Amino acid sequence: MSKMRGRVLIPLPNTGAMGRKRNNFYMRSIFILALCIFGLLQYHNFNYLDSRDAMLSESVTNDSVDAIMSMVPATLHKYLTPHTRNHSVSSAGVQLNSSGSAMVGSGSGSSTTISFEVYRPPNNTEIKRQIARYNEMQLVLNEETFGPLQNDSVIIVVQVHTRINYLRHLIVSLAQARDISKSLLIFSHDFYDDDINDLVQQIDFCKVLQIFYPYSIQTHPHEYPGVDPNDCPRNIKKEQALISNCNNALYPDLYGHYREAKFTQTKHHWWWKANRVFNELEVTRFHTGLVLFLEEDHYVAEDFLYLLAMMQQRTKDLCPQCNILSLGTYLKTFNYYTYHSKTNKKSYASSLISSNSLLGSNRNNYNNNNNNNNNRISQQLTASSSALSSSTSLKNAKVYVGDTSDVDNNNNNNNKNNKMMNNKRTSHMNTVTATSNTNNNNNDNINKNGAQTWNYHVLPSLYSVYQKVESMPWISSKHNMGFAFNRTTWTSIRRCARHFCSYDDYNWDWSLQHVSQQCLQRKLHAMIVKGPRVFHIGECGVHHKNNNCESNQVISKVQHVLRIARNSHQLFPRSLMMTVPSLIKKSKLRKGNGGWGDLRDHELCLNMTLPRR
């Protein structure tokens, strides 16, 4: 025992074992974490590759009627099938006599007479009577099926003119949207047409209401607000106008031009329908939810209502200052390289796609010295030299998908353009011409008619389960398509009616931006979705005509974009992610585009804000 008590314990030397164990633990943790991150990246990469394969397989789209119909559920074909009242009897042995009877020959000399009523379109008096009846009745179709409008439901307002073919496809896209049955779909017409009415009244997937702009050119063809015989010609000098004593001779617009009814009608119609929806209809009297504005040549994604609701819910924490939600972002290009396998001996192709023809509102101002006011001003977009050169030299099996950038605001040079072009009215948004660059032969993208053809794909940077949104001040040339606001925002806008109605610009969206800049205490600020849910499919409009206005090419392209997005699970995102937009130039106060100098237009516009309920 004494020996044990006298023993001195000598500490063992520090061999570093504990430090090594600790380091090994850290290394294993880092390795496991890196492995998880790598697995997550691989998962997203596989999704992208699947999307890319789908893109490549769909690179050549078929815009035939049969191909487009095949992309639409059979139950919705009824909206795409014309049932015009103007039937023409073309069967063999059938002759139509002047009394409205058909003489059907049997081939043996005998014939059978079949009597039926020949459709005759209504005259102007009947059209006015029908418009007054519709507006007074305010009949909501399908209300017994889907129930009354809820205060927080989305109201979708579609401005309709005469392009029934595009309207058919808009209706088909709306029919496929989730939760569409909860919405009220309001069609605002400035042209009375029985075929369009039949199409709208055929809708059975939600509540429907038709309203008719009562001051249209159709109902007033030879008097204001149509074309009065004594109206001053557009290009007449003010001195000559005063001598001739034509209407409104004292008040030409900013550029010395006089009123053109076909251009003023759109602004009048937009202002009238907004007042009508918020302040006059009984069904919307207590509505506090969003009102979404569309046009007849738009096309919506099936998750547009889902995403709109998500944006509305996240406004408080993501963008408290936002009072407008935009689903139809204007993008400068879809910029990408497409890889083709070595088996088909094709190289990469770099394509710049015009989003103005796909996502934009093709409205251009009219020219001073050109009698054809429908000619558009186009601007060629070209890629950077490095991107173009790389498109012909890359040989590796990679796919580069470029990000997109917003349309440059060409409006900054508006005043300069007016001087340079001898006071020509320049467009508030130039129409951008699509260009395609192939390896050695640019003719690959030119069809037989000499028209430019193009391809585009869904960008993973725009569509994903984590949907990107951004916020910025509302800009008329970027955020005027597929946007929504509530009654609070409208009340503020309506208080500035004089600014809207007296601003010398025939564009309603530029006038709205003027209201935001000059009158509103709380400026219009938008939350914009980066992956657009509203597309523009119209190839012809008020300000320009195309060689083939009934072309289905853009419709087919949009269908394929949404199909790829759907198959790649890029719709119905789980959450929103606010991104920081690029440097935003401060929006300058601009002189209007003119076309709105007539005091009669100012007065009519202001009268639309008078309470009528």
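Counting starts with 1 at the first residue shown.
Just so it is clear, glycine is given a Cβ too, placed from its N, Cα and C backbone atoms.
The substrate binding site feature in TrEMBL is assigned to Gln159, Val160, His161, Thr162, Arg163, Asp190, Gln265, Thr266, Lys267, His268, His269.
Taken from TrEMBL, the feature Mn(2+) binding site covers Asp297. Every protein chain considered, the tally of other Cβ atoms within 10 Å of the Cβ of Asp297 (Mn(2+) binding site) stands at 25.
Annotation comment: TrEMBL describes 409-423 as compositional bias 'Low complexity'.
Taking a C-beta cut-off of under 8 Å and a sequence gap of six or more, Cys232 (disulfide bond) has these contacts in its own chain: Ala241, Ser244, Cys246, Asn247, Asn248, Ala249, Pro252, Tyr258, Arg259. Taken from TrEMBL, the feature disulfide bond covers Cys232-Cys246 (among others).
Look at TrEMBL and you will find Cys319-Cys322 (among others) tagged as disulfide bond.
The feature region 'Disordered' is assigned by TrEMBL to 401-423.
Per TrEMBL, transmembrane segment is recorded for 25-43.
Summary: among the disulfide-bonded residues (Cys246, Cys319, Cys322), the fewest other C-beta atoms within 10 A of the C-beta are counted at Cys246. Ranking the recorded positions Asp297, Cys319, Cys322 by the distance of their Cα atoms from the Cα of Lys267 (substrate binding site) places Asp297 first. Pairwise Cα distances among Gln159, Val160, His161, Thr162, Arg163, Asp190, Gln265, Thr266, Lys267, His268, His269, which the record gives as the binders of substrate, peak at 19 Å. Across the structure, Asp297 (Mn(2+) binding site) and Arg163 (substrate binding site) place their CA atoms 8 angstrom apart. On a Cα basis, Cys322 (disulfide bond) lies 33 Å away from Arg163 (substrate binding site).
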